[in-house]
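Contents: one structure, followed by commentary.
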Amino acid sequence: MKLDEVTISRAIIEEFSKVFLDYTDVDVALVGGGPANLVAAKYLAEAGLKTVIYEKKLAVGGGMWAGGMMFPRIVVQEDALHILDEFGISYHEYENGYYVANSIESVGKLISGATSAGAEIFNLVNVEDVMIRENDEICGLVINWTAVEIGKLHVDPLAIRSKVVVDGTGHPAVVCSTVQRKVPGAKLGELGVVGEKPMWADVGEKMLLDTTKEVYPNLYVAGMAANAVAGAPRMGPVFGGMLLSGKQVAELIIERLG
């Protein structure tokens, strides 16, 4: 077969544009492509909910790729092993209660699990605001290309509609911080966006399932963003809580929308 460059270009533009347009109206929009949101996306999509992840960077996976200090291994507790099993991620016991997995394999299979279930992922998309309606309830997101932000270009964004939004942007809790800053009187949780405490893995992991919840009408938090909003400690390269948080936020949303 003789290849034609323009046909290649048209195939990419047309096929992506169809999907991008289709996902301007979704059930669940997850902001941030870290492990918690990847896990959530799989379960949400399997439940038949139209699910999309927007990732600001080129690669999804958040901080999981590099393990701890660029040693590509992560630790997972026994409580979360069933999630590794469901995604087909291999692991072994290091010592009692501590299980080790390859961080690169883990991210690859989390991505595969989410997309194979039917979730869509758009990378290099920056979520710069939320869309609101009556009573300042969130009804979608305001998006632009990450390149626009990096280049400091004056380019108006576009908007997508979503029944619920999940802030899975990690330490900065970008969506929650935006809502608190831009919606007069908005209070996320009891104290607003507090910011994470210093590292205390045991406490941070235990608190994560309590902090994973709806914090503002139609806005949920998962993963490190949940602890950042609540003022709970950071956990470091132990990922059991992240995985469980993703599953929990999916279950909360499925119970509501499913």
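All residue numbers here begin at 1 and follow the chain in the order shown.
Cβ atoms are placed via backbone N, Cα and C, with glycine included.
Same-site candidate for NAD(+) binding, as annotated by Swiss-Prot with GLU55, LYS56, GLY63, VAL127, HIS154, VAL155, ASP156, MET224, chosen from ALA36, ALA80, ALA201, ALA250: ALA36. When the C-alpha distances from VAL127 (NAD(+) binding site) to the binding-site residues ASP156, HIS171, ARG234 are tabulated, the minimum falls on ASP156.
Least crowded of the binding-site residues (ALA36, VAL127, VAL155), judged by neighbouring Cβ atoms within 10 Å of its own Cβ: VAL155. For the pair LYS56 (NAD(+) binding site) and HIS171 (Fe cation binding site), the C-alpha distance works out to 14 angstrom.
Long-range Cβ proximity for ARG234 (glycine binding site), meaning a same-chain Cβ under 8 A and a gap of 6 or more residues, is found for HIS171, GLU196, LYS197, PRO198, MET199, TRP200, GLY204, MET224, ASN227.
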